[in-house]
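So that you can see what the record holds, here are the features copied from TrEMBL:
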type: BINDING; residues: B:462, B:468, B:471, B:472; note: Mg(2+) binding site
type: DOMAIN; residues: B:40-155; note: domain 'TRNA-binding'
type: DOMAIN; residues: B:409-484; note: domain 'B5'
type: DOMAIN; residues: B:710-803; note: domain 'FDX-ACB'
């Protein structure tokens with residue numbers, strides 16, 4: 001009987017060894033360990049054994065059972081793992097193939113610049129003011145200290161619709177309109193982006209339509225030094241932390257004193273290159289202290305209030321910043337041009 | 001204004017400062033120097049030569065064989081093609097080894113068998129622009145006066161050993177249209193003394209008033225007219241140095257008399273005019289407005305018809321000059337002129353500007369009068385001119401002047417406090433520094449405690465108010481020295497308005513949905529202006545368009561976007577998806593500002609997804625674009641309020657276009673561009689939409705409220721309905737929604753079939769209906785009860801048959 005059990009154990013272990021799949025293994029389990037299996041058969045003959053031998057034999061039978069059972073278990077785990085592996089192998093993909101494309105567009109580069117500037121100034125307490133693109137001569141010129149006889153307002157340079165109505169040549173009329181609305185009470189802190197129009201033939205550096213963005217602060221005790229500090233922040237944010245600015249005296253009818261503002265060249269850092277024409281500086285905007293006539297015309301007491309204003313061409317900023325060589329690109333909207341401005345720097 | 005560095009040294013000591021350094025200093029303190037030109041850059045080895053012999057080249061008709069003394073041991077043979085070369089002339093010779101502009105190196109050469117050791121030069125070969133070369137030398141070599149020395153540097157003689165600063169003057173700095181003005185500016189910048197010319201004129205006993213009387217009718221246009229008379233003048237070339245300076249400043253030399261008037265114009269900024277006294281034919285100068293239709297032939301030989309807007313100088317009857325703009329041909333100084341009447345006057349800027357504009361004549365004189373000349377320099381300039389006429393034209397100056405002077409020159413006096421200066425600039429400048437700056441500018445000042453009173457010289461007409469003085473202080477104190485601060489005082493909130501925020505939301509959404517933002521022109525052609533307009537009014541036309549293509553303001557954006565699509569498709573960008581937000585312009589009649597309505601438009605064509613390697617490549621269609629819009633309205637909280645109704649819109653596919661209504665109000669349309677339009681533009685199927693963004697944003701949006709997540713399961717029932725082909729899904733959906741009541745939570749189309757298994761003229765639409773009660777789990781019976789109601793309603797109201 002003992003031999004028979006050993007034999008069965010040997011036989012079972014060999015069968016387990018040979019089993020190649022879970023189904024075969026299960027058959028082995030049933031055939032050896034099942035109620036009708038050979039071990040049970042062997043145990044049925046236990047009655048013939050002596051009382052001393054019976055527990056011994058019982059223990060042996062259990063031991064054989066356990067060994068077979070453990071072997072099956074072990075084999076099963078092995079087979080299961082192999083099956084998973086086989087499945088995974090069959091499911092392998094080429095991960096270097098491209099993903100399913102998500103088609104997205106992006107901001108036009110001009111909007112990108114405008115929003116960047118808007119956000120910077122909103123953070124400093126400005127609001128965004130907008131105004132009409134078809135404007136009265138009064139707001140476009142007269143309210144900005146450019147009376148009808150002023151040499152700087154040649155009809156040849158503006159798109160007039162009638163004698164009194166024209167396409168605005170600058171975003172400054174928005175400043176005049178906003179100040180007027182404030183009814184002589186400060187503070188006014190606005191940033192005004194928008195399209196403007198001039199009678200220019202379109203070429204690589206001229207466009208009859210372009211964008212400007214202007215800023216205006218009117219309050220008590222606004223100083224030239226405030227303008228300088230504000231523009232310094234602006235230059236660093238837009239062109240990089242290492243930028244410096246310098247102010248050069250200039251002339252605009254609506255500001256006095258007036259300055260043009262140069263930013264140290266962001267390409268060469270100020271050493272001189274082709275972008276800055278070897279000067280180390282790039283002219284980016286015009287600005288100044290709001291002319292008392294402009295304040296008065298818009299209902300502000302120039303004795304009590306002062307202010308600064310600044311303005312720049314958005315295309316110029318974009319061209320400088322991104323190295324764009326032809327202003328017409330902004331208006332032809334070639335997809336190969338537009339899609340280059342999706343990156344968040 | 002072109003400023004000669006060498007000439008400027010006559011007025012201000014420039015020692016220790018190079019032209020480039022000077023340019024930088026001038027730029028930093030107010031006047032932009034746009035460039036510094038080195039006149040003799042890339043030029044060397046050009047000397048004065050003396051043509052000893054000239055004979056015809058033996059083998060060439062048009063060449064001359066010259067023997068030229070160039071100051072070396074032996075004269076050299078030079079072949080010269082200039083028609084005017086001749087024996088005895090002093091000429092500029094580029095010797096062997098010389099370099100001319102464009103890196104043109106002069107070498108020993110053989111020309112038609114004859115040796116040539118250098119080149120006799122024209123002025124243009126020396127880098128002088130053709131339009132600046134005196135007429136007699138414009139076609140040949142330049143002939144020097146006889147007193148030059150052989151072997152000397154010819155470029156020096158021509159004042160080419162100089163550098164020219166090109167000033168970019170702003171409209172307010174007309175004072176720097178003169179060497180003296182620039183000298184004052186530079187003197188202030190460098191804090192150096194300014195030396196003014198001090199004309200010494202010897203006069204003869206005859207009096208100018210015996211020769212001419214001045215009458216001025218138009219005193220507002222011409223408050224000051226000074227005439228001097230110079231007799232026994234010999235008209236000849238002006239001195240070489242003067243010609244050189246004129247050319248360097250951009251003025252062509254003529255003869256000594258004309259050159260002197262131009263030289264004074266450059267030196268004093270005061271335009272002068274020289275008349276041939278004898279040709280005037282009278283003893284009278286009358287300044288008056290022209291009569292309408294009166295004519296004058298100006299010095300450029302053009303006959304000009306005048307109006308009463310124009311001021312003329314007359315000899316009592318006939319116009320002899322267009323005041324401040326150009327002289328008349330009838331009184332021109334010519335080679336035989338012996339008596340000169342010299343005019344120095346103050347003409348009002350606007351009058352000169354009008355004449356200059358009307359006749360398209362911008363002269364050196366008119367541009368100075370327009371900006372305003374210094375009234376106190378009118379006589380000084382005349383005095384200096386007659387000094388030079390006596391010196392260089394051999395003239396005898398008559399005593400005194402004939403004059404009309406009604407000019408009341410009151411200098412501007414401005415008082416300003418130190419506190420104000422420092423308050424505006426944000427600085428802490430001392431009273432001494434401020435006073436020092438005004439002294440440097442040669443402004444007369446008195447300081448009383450901390451108040452400075454400045455008498456502004458008449459040459460600086462741009463300074464009229466305190467702020468102008470502050471600018472003078474700031475620019476000479478140096479903007480670099482002004483501190484950087486930020487505005488103080490109460491802080492203000494910075495924000496975007498709701499409208500502006502929504503516009504940004506729209507942009508981000510559309511870009512996320514695959515559309516690129518485009519920016520196009522507002523001006524367009526007459527044909528395109530009104531195409532696809534949501535609302536049409538009188539087109540708004542420019543008074544003076546530059547081209548028909550840009551002559552009117554747009555009433556819609558779609559035509560512009562179709563141009564963008566066309567442009568891209570023609571360049572192999574086959575799949576295009578773009579949008580634009582911007583105004584369209586609706587007229588309110590002449591002189592009233594138009595309504596500017598912000599619109600949103602989009603256009604798509606080509607593939608939905610590019611570079612796709614899996615699955616089917618799908619072209620865009622109506623529903624792709626509609627889906628984008630539905631998503632947009634969902635984002636704006638308006639999807640329940642928007643209806644799409646089949647519509648016919650000009651230029652759009654009649655079967656594939658819908659108008660959009662928001663809460664019953666028309667807001668735009670969507671659809672396929674009409675196939676004929678597509679064909680004209682060479683486009684494949686292209687879908688577009690345009691919406692009035694203002695109307696969309698104006699619609700009230702219910703405040704966002706959280707709705708609890710369902711705790712009970714919902715029950716879904718699908719139905720397939722067979723209906724007439726013309727029956728639209730939206731209508732059936734409305735019936736279902738109405739009948740479904742509040743238990744019907746959601747309904748949507750999930751299939752449409754119009755194939756062969758259908759009866760002709762019919763289609764099958766499948767809807768999925770979701771029932772849900774937030775209070776409890778619905779039973780089958782409860783759902784069935786509602787669902788039956790839905791089915792009955794659909795059958796009755798749309799004639800639908802439930803598909804088996």
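Placed from the backbone N, Cα and C atoms, the Cβ positions cover glycine too.
It is B:471 that, of the binding-site residues B:462, B:471, has its Cβ surrounded by the most other Cβ atoms within 10 Å. Over all protein chains present, the Cβ of residue B:472 (Mg(2+) binding site) has 26 other Cβ atoms lying within 10 Å.
Other Cβ atoms within 10 Å of the Cβ of residue B:468 (Mg(2+) binding site), summed over all protein chains shown, number 20. Broken down by DSSP into helix, strand and coil, the domain 'B5' (B:409-484) contains 33 helix, 17 strand, 26 coil. Under DSSP, residues within the domain 'TRNA-binding' (B:40-155) fall into helix, strand and coil as 11 helix, 48 strand, 57 coil.
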